[in-house]
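In TrEMBL this protein carries:
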{"type": "COMPBIAS", "residues": "307-320", "note": "compositional bias 'Pro residues'"}
{"type": "DOMAIN", "residues": "142-249", "note": "domain 'CAAX prenyl protease 2/Lysostaphin resistance protein A-like'"}
{"type": "REGION", "residues": "299-320", "note": "region 'Disordered'"}
{"type": "TRANSMEM", "residues": "12-37", "note": "transmembrane segment"}
{"type": "TRANSMEM", "residues": "57-77", "note": "transmembrane segment"}
{"type": "TRANSMEM", "residues": "97-122", "note": "transmembrane segment"}
{"type": "TRANSMEM", "residues": "134-156", "note": "transmembrane segment"}
{"type": "TRANSMEM", "residues": "186-208", "note": "transmembrane segment"}
{"type": "TRANSMEM", "residues": "214-231", "note": "transmembrane segment"}
{"type": "TRANSMEM", "residues": "238-256", "note": "transmembrane segment"}
{"type": "TRANSMEM", "residues": "268-289", "note": "transmembrane segment"}
Amino acid sequence: MGRTERHRWWKPPLAIGCAIPLSFGLGLFFVLVLELVKAIRHIPADVAELGHPVADLAVELVLVIVLLPAVLIAVRVVQRRRAGTLSSVEGRLRWRWLLRCTAVAVGCVVVSFGGLMALLVITEPGEPLFGEFAGMETFLAALAVIFLLVPFQAAAEEYALRGFLMQLVGGYGDPTRPGRSAPGRLFHRFLASPVPAILVSGLIFTLLHDYYDWALLDVAVFGLGMAWLTWYTGGLEAAIALHVVHNLVAFVLAAYEGDFDSSGDTGSWQSLLATIVEVSVFCLVVAWMRRKQAIRHTTPEAEATPPARPQSPPPSPQWS
């Protein structure tokens, strides 16, 4: 998807160089508006964000959401291709497929979180599953923010990391280049495979989360699983579905206590195990659905025109 007839080696770095400042610029504009609101409400300047956990949550989510317009603009302006090509091989978001994946995601997340709570009860008896209730007013306000913004926050991360970044890395793979030596052929074959894009996307996704220990492994499992599924299904729909449903449930549970600060979280082995089960089952079911329902996972051009057969390099006198 990222390798079109307009592809040049310098365009992916330029696209990243455009998307990052643009997202920072949009975020800076939002922060300036936020400071204006604080001044109007006479909130001290040294108070982080708006001084209320729900309002602060909304700010954090919006600062992630700005990634979405940034990468869409970079793709359109720098790479000169339709922004819809980030969504899927069909150049658009496949809504019916997204809904089917969402139904599967709901089942997987319910089983995952239910299993996690059961496991915590067994392995940590006497420990409360939830903290003190934050109050109905805070809880309802948090629910409104969560259901309004979290779907866009999760989608923005998917478009930026599983759409934009994976396609930029994948754009360097050219299966028609045979290479003039065995290492060269292996290198081009490796670049043409989905492995580099999946690994890079999973690594960056993990490093962007301020987690440690078990929680970091938890995020890595999720990131690598969704990167593979994006390649296998030819689109972002499955990854968006699980990401949105998972985050909605996680944020709703956090809203019960009114504590949304997860920075520095170390997680637990129980949570990691639940995520492994959730991601594995979801990937298996969605992969089966893709084959069963004949969901397109390659571009029409790739299906119509098979890659050129590599030609052997000319014989060398030294090899005779």
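In case you wondered, yes, glycine gets a Cβ from its N, Cα and C as well.
Curation does not apply to TrEMBL; its annotations are automatic.
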Across the domain 'CAAX prenyl protease 2/Lysostaphin resistance protein A-like' (142-249) the predicted model averages a pLDDT of 90
Leading contact stretch, 12-37, 57-77, 134-156, 214-231, 268-289 vs the transmembrane segment (238-256) - CB distance under 8 Å: 134-156
Contact ranking winner - 12-37, 134-156, 268-289 against the transmembrane segment (57-77), Cβ under 8 Å: 12-37
Apart from its near flanks, which chain residues at least 6 from the ends of the transmembrane segment (134-156) lie with a Cβ under 8 angstroms of it? 53-54, 57-58, 61-62, 64-68, 236, 240, 243-244, 246-248, 251-252, 255-260
Taking a Cβ cut-off under 8 Å, which residues six or more beyond the ends of the transmembrane segment (214-231) line up next to it in the same chain? 158, 161-163, 166, 194, 197-199, 201-203, 205-206, 238-239, 242-243, 246, 265-269, 271-272, 275-276, 279-280, 282-283, 286-287
Positions whose Cβ lies under 8 angstroms from the transmembrane segment (268-289), at least six residues beyond its ends: 100-101, 104-105, 108-109, 111-113, 115-116, 119-120, 123, 214-215, 217-218, 221-222, 225-226, 228-229, 232-233, 238, 242, 246, 295
Could you give me the DSSP helix, strand and coil counts for the domain 'CAAX prenyl protease 2/Lysostaphin resistance protein A-like' (142-249)? 87 helix, 2 strand, 19 coil
